[in-house]
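What follows is one structure encoded as structure tokens, with my remarks underneath.
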């Protein structure tokens, strides 16, 4: 790989905040020129917020499945805009409400990510934060009035408070409060609230004098032992986050389930392949950070180990294909809307590979291609997909387990997982531990498997938690990450440029709705 002088990536990275913000404003302005009316989910969110702006607090669209957090923020934003002299209709217009998400993407989320990355990455936090805020599934919705931006922002703020040094009482309270607020945007955030609670426990555990522990079992048992101690710090943490869980349980009881509306189309399933799709998503979008030739060499070398020669073929040729075929779900929403990229991904890749069906179903070329050739293509797709899934799962697990330091920091002093030097209390880093990793795995599985619809937005938080805690390594050594952050930012912005171009400048029409422009999006 081409070696770039260290100063060049650092200078270029210094320009990424300005470039990211400028691009977001350009995208926002173009969206409101070319698509001034509500689009797809906005046809539910914007009218609902406008009902609140009119004071109709009892009005509710039964098709809406998430709580009213976005609409409350939109209402508050509109009230503030009226103080500047705007009329109520102008302050609560589509343009004004979309600005709520733009504000989050260019101000709120970067600031929150900086705080988080300062605790996890140290001095490289500002580079990491602005690289990460350009993540396509966040950045794309800067110009649309969707719930995902503020749902993500509130979970990140809860994490930022939980990572505070020594986890003081008021920071725990603020973190738990933000966990509760996050539930007003997406109900499954309760699972990530549990992850934040574990992070707060680990932060309190090791910053209050626990001896460093090596190994998974030692760390897990040490954390469990600390959790059951009757001491004020852990009692404060448990009560704070348990209150959020109790409140959410009450909501489930009153509501009769997790979906707020349209319950017939939002029934929980057993969608194990959703985890596989998420793994592919994380590995693909995160490749500038994890990719090195040494990392790939380690994967290839492991193929010749005992486990590699036994377990890997079992997964690739038997287990993964069987799970895909037995538990894949073709949701009606997936088939009904050709405005989403996943519609084409399912029809042209996933479905032929999973069910080993001939691709002429998509290509409509049965007469042009020999049936035996089609069978070969189908089988090849099947095992190529299975191999890609296995590598993605291995990659995510390996990058995270390699990011767990050899020793946990104690009272601000210990091994710096970046350069091996001692750490001062001022920059005490909150590293990944085995309890945190297992909590992340649990939250990912519990949030994805019940979801029958393939939806990339469900992968935002699994991706962000992986990216926040994943430490790039080369042959087991920590590396300077400036060049990787720069490559990551370029990769994200290339994806953003492509998706924005398709969204804004490549519209199409449905035959049954002539004259109405449809647009491609995530």
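Glycine too: its Cβ is placed from the backbone N, Cα and C atoms.
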Transmembrane segment range according to Swiss-Prot, out of 467-487, 488-508: 488-508
Per Swiss-Prot, the range holding transmembrane segment, considering 68-88, 152-172, 341-361: 152-172
Feature transmembrane segment in Swiss-Prot, mapped to one of the ranges 212-232, 275-295: 275-295
Remote residues contacting the transmembrane segment (181-201) - C-beta distance under 8 A, at least 6 residues beyond either end: 66-70, 72, 147-148, 150-151, 154-155, 158-159, 162-163, 167, 172, 175, 223, 226-227, 234, 237, 241, 244-245, 247-248, 251, 258-260, 430, 435-436, 439-440, 442-443, 446-447, 458, 461, 465
Cβ-based contact of the transmembrane segment (125-145) with the transmembrane segment (234-254), 3 or more pairs under 8 Å: no
The transmembrane segment (275-295) versus listed stretches 8-28, 96-116, 152-172, 234-254, 488-508: most Cβ pairs under 8 Å: 488-508
Same-chain residue ranges lying at least 6 outside the transmembrane segment (152-172) that approach it to Cβ under 8 Å: 69, 104, 108-109, 112-113, 115-116, 119-120, 138, 178-179, 181-182, 185, 189, 192-193, 196-197, 199-200, 203-204, 207-208, 233, 236-237, 240, 412, 425, 428, 430, 460-461, 464, 468
